[in-house]
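Everything on this sheet refers to the single structure shown next.
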Amino acid sequence: MGEEEDLQARIDSLSGLISRRKQQNNATMAPQGGGRGGHWSPQRGTPYGMPRGRGGRGGRFAPVVHRNRTLVMNNAPGNGATSSSDETSGISTADAQPAWVRKNDRHMQLINPSIYNTVSEQRAKDMAEAAAKRHQARAEKEKARLQRHFKYQSDHRGGPDKTEALPEFQIDNISFRVVAGGSKLVRLNGDQHSAHATPKQVKVAGVAFTRSKNGNLYRTGLVKASTNKTTKKSEELCSHFTSSGLCPKGPSCRYVHDPSKVAVCKEFLSKGSCAAGDYCDLSHECTPNRVPACLHFLRGNCTAEKCRYAHVKINPGAPVCRPFGLVGYCPRGADCPERHVFECPDYTNTGSCKNKKCRLPHVDRAGQLRKAAAAAAAPVGGSSNDSDLSSDEEEYDEIGSDDVDSDGLDEEIYLQAAGGDRDHGLSQQHDFVRF
């Protein structure tokens, strides 16, 4: 009988612990009433309010017990439940996943990062394809509506041009022609109205059109599709950014904006300092990619200790480097076989510039002009000695374009001497006395 009494005592103690644990949980979870005569308000949505508990008048309400009260995550640091569960399961928190991705879309979700990245990429691709299909279907629907409208107009008008597929019609007394299947309405050339006379937005057969800068009308759906379309990036340098250090288009520019490949600051190149300092958008690094060749070095007499110009040997008769002349930067640098000068490459190389708004210097050189004149005056079947006529000009180019041309002075002296009398051709003869 001793064993039965001992077993009964253990059962009683366990039942007492269980009951006390339940009472503690109920005390922490249930809201407290206002005591005797406490205020009681019914729950919203129930006609008779919440049922009373066993505490009598003004007692506690019976709480709603849920099975899953908490969510325990295995990566939360300092959580006792986590550590105990990890100890019992034999899994450490270091070996667990680093984090979970919480997503609040239509439902709150916790997703594994590796799975989330794959699913998100695929979902974004599917959404883009679905949006493209919707836009395409809408565009086809609008085009079909416009074609029916234009066909109806062409069928119900008289004259020999009744069978014309793309009619001409007027909007606010302005004549338009239908092109591109109805997606574009082009103003006729004979119309004298200005571009601002075209309405900014107009509807034709229920399809919206938007005005362009030149006064034409484009289908609004086509305009939105072209605006939302991502710009294809080019590997070429942006000429505006490279030459000035800034571009008003910003990230929407299709060309490359490389801050290490911009033109040199002209003020820093000439003075050795810049008022803007570090805030200057142009470069203060005098490398052969962005500075012209030193003329004194080409002549062999550069005495500057810290010359800011490039000391490279280049043929003086070589053409002007087009990238350097237009934007002030050449990727080839010292290996470029062409001349790096701040001149218009088209005018210097060909003798003409078709750009009426060109801001680059158009430099005329006497040596090049004489070459062009000699080439124009030379006969078709000239002798082999014609090539020797340009030797003086080559020496002129080697000396430098800024020097005074002495050939012109020699010609003036020769003409003055030839225009006089033969007896007075040599004035030195009057100094001799005959014996």
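Cβ atoms here come from the backbone N, Cα and C positions, even for glycine.
Keep in mind that TrEMBL annotations are predicted by a computer and have not been checked by a curator.
TrEMBL has this to say about the protein:
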- 374-388: compositional bias 'Low complexity' (COMPBIAS)
- 389-412: compositional bias 'Acidic residues' (COMPBIAS)
- 232-260: domain 'C3H1-type' (DOMAIN)
- 264-287: domain 'C3H1-type' (DOMAIN)
- 288-314: domain 'C3H1-type' (DOMAIN)
- 315-343: domain 'C3H1-type' (DOMAIN)
- 1-61: region 'Disordered' (REGION)
- 73-93: region 'Disordered' (REGION)
- 374-412: region 'Disordered' (REGION)
- 232-260: zinc finger (ZN_FING)
- 264-287: zinc finger (ZN_FING)
- 288-314: zinc finger (ZN_FING)
- 315-343: zinc finger (ZN_FING)
Outside the zinc finger (315-343), six or more residues from its ends: residues with CB under 8 Å to it: 237, 239, 242-243, 261-264, 287-293, 298, 349, 360-363, 394, 397-398
Tally of DSSP helical, extended and coil residues in the domain 'C3H1-type' (264-287): 9 helix, 2 strand, 13 coil
Residue counts (helix, strand, coil, in that order) that DSSP gives for the zinc finger (315-343): 9 helix, 2 strand, 18 coil
Counts of helix, strand and coil residues, the domain 'C3H1-type' (288-314), according to DSSP: 5 helix, 2 strand, 20 coil
